[in-house]
Amino acid sequence: MAATSATEIAELEAIMSFDAPLTSKMPRWQRKQLAASLSGESGGAGDSSGEGTDRFIPSRANMDMDHSHYSVNSKENGENGIGGKSPAKASLNKALKNSLLDKGHRVLAFKNKAPAPRDGYENHLRVLYTANKGAADKAAVKSTRHIPSAPLRILDAPDLLDDYYLNLVSWSSTNTVAVALGPSVYLWDAATGGISELMTLEDESQYVSSVSWIQEGGTHLAVGTSTALTQLWDVSATKQVRSMDGHTSRVGALAWNQHLLASGSADTTVVNHDVRVRAHNVNTWSAHEQEVCGLSWSPDGSYLASGGNDNLLCVWDAASVGRSSSRAFHTLTDHQAAVKALAWSPHERNLLASGGGTADRSIKFWNAATGAMLSSIDTGSQVCALRWNPHEKEILSSHGFADNQLSLWKYPSMAKVKDLKGHTSRVLHMCVSPDGETVLSAAGDETLRFWSVFGGAGKKKKSRGGGGSGSSTVNSGSLNRITHIR
């Protein structure tokens with residue numbers, strides 16, 4: 001007990017003796033220096049468990065990094081391999097590549113190679129490139145705009161003739177829709193929803209076979225009849241201005257080019273009328289062999305496209321107006337059925353789209369200046385009408401059996417964007433609102449439906465530009481509200 005106490009007292013005195021020399025372990029910085037020197041001498045990893053080291057630090061003194069980088073990235077090494085590749089194996093790989101892959105095909109390459117460095121670049125480091133993610137994000141947002149599946153409004157149109165060869169609906173620049181119902185023409189104000197009757201033929205056995213608004217002003221309406229006459233009406237005064245002849249059968253197609261009105265008839269001819277003068281018949285074109293059912297002037301007025309039941313698509317040069325002829329500028333024979341659907345692109349000069357009937361089912365694109373067919377796609381059903389999106393490179397087609405749908409396509413890829421269904425009979429007619437946002441479709445089920453297909457770009461313009469005749473196209477009221485047009 002006494003010895004233990006003496007020992008404890010001695011230890012306490014040693015601790016309390018501040019003038020005694022310090023006996024401690026090696027400082028930390030000396031331990032690290034010693035560990036580094038030992039690692040360099042051994043040429044490998046130190047013992048991580050030993051005293052004097054605190055982490056695994058290999059020695060790279062014997063590594064030639066420049067030579068390694070060159071060996072990995074050199075073309076010779078990539079072709080031959082470090083160990084060398086036998087000629088037989090190289091021949092086998094080449095034969096497999098030629099037989100299984102297309103020319104220029106790259107395995108596991110999902111994008112183009114990075115461009116070469118600019119001239120004068122001398123840095124041995126590799127050039128890195130970054131993608132512009134901002135532009136890609138904007139494109140993705142732009143391509144995914146919402147298109148409602150339901151129509152904005154439905155109008156009941158009794159006695160709308162279910163005849164593929166007629167053109168019975170037109171939308172004016174002043175936002176008024178003209179619809180031919182049997183022997184009568186009715187006007188529907190898209191802004192107010194008001195309905196009025198413009199005219200009715202005297203004989204109930206007769207019928208209106210086509211309507212078309214003049215492009216500028218929107219106050220005059222051309223009306224083709226089953227009696228081979230073309231009437232011109234002043235809508236503001238509810239008065240017939242004149243009646244023009246020149247055909248021997250019904251007038252099923254009309255198209256305006258400023259003061260020049262082209263009319264197509266079942267008598268196989270196209271007549272150009274100058275509505276300003278008494279002698280209105282300017283000339284007659286007669287290249288078709290059956291009824292002319294489609295007419296459309298190009299936006300710049302350079303060409304007139306005519307489609308007929310003879311499966312022909314004719315392109316007429318405006319320079320030949322005034323000279324009657326039986327030979328068109330281009331006569332295109334690729335369609336296998338009647339050509340009624342015609343539409344000129346607002347985005348590309350001389351780009352014409354045409355659609356064929358039940359036996360054809362295709363949409364074809366043409367260069368009207370050369371007559372060359374640019375592309376064609378089989379839609380799977382009768383093509384009744386075509387309309388371009390004024391804001392985007394898209395085209396809308398309307399169809400017959402079996403789905404009676406409207407189909408929106410991207411151009412030129414012709415990837416389908418959306419199908420709009422609701423009609424129970426073939427969708428014979430389409431027209432676009434003056435602001436380019438809303439599409440009106442008319443079908444053999446005696447209904448008119450308004451679709452918000454081309455919205456988006458038009459809404460942006462409206463918010464910036466304010467009002468105007470096209471600022472509010474359709475007074476939609478309640479969704480799917482049905483109104484009798486007469």
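Using N, Cα and C of the backbone, Cβ positions are placed for all residues, glycine too.
TrEMBL annotations:
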type	residues	note
DOMAIN	155-451	domain 'CDC20/Fizzy WD40'
REGION	33-59	region 'Disordered'
REGION	457-486	region 'Disordered'
REPEAT	285-326	repeat 'WD'
REPEAT	332-376	repeat 'WD'
REPEAT	420-453	repeat 'WD'
Looking only at residues six or more beyond either end of the repeat 'WD' (285-326), which have a C-beta under 8 A from one in the stretch? 164-167, 249, 252-258, 260, 262-266, 268-272, 332-344, 346, 349-350, 352, 354, 356, 360, 366, 368, 371
Secondary structure of the repeat 'WD' (332-376) by DSSP, residue by residue, totals 0 helix, 24 strand, 21 coil
Grouping DSSP H, G, I as helix and E, B as strand, the residues of the repeat 'WD' (420-453) number 0 helix, 19 strand, 15 coil
What counts of helix, strand and coil residues does DSSP assign across the repeat 'WD' (285-326)? 3 helix, 19 strand, 20 coil
On the repeat 'WD' (332-376), the mean of the pLDDT values is 98
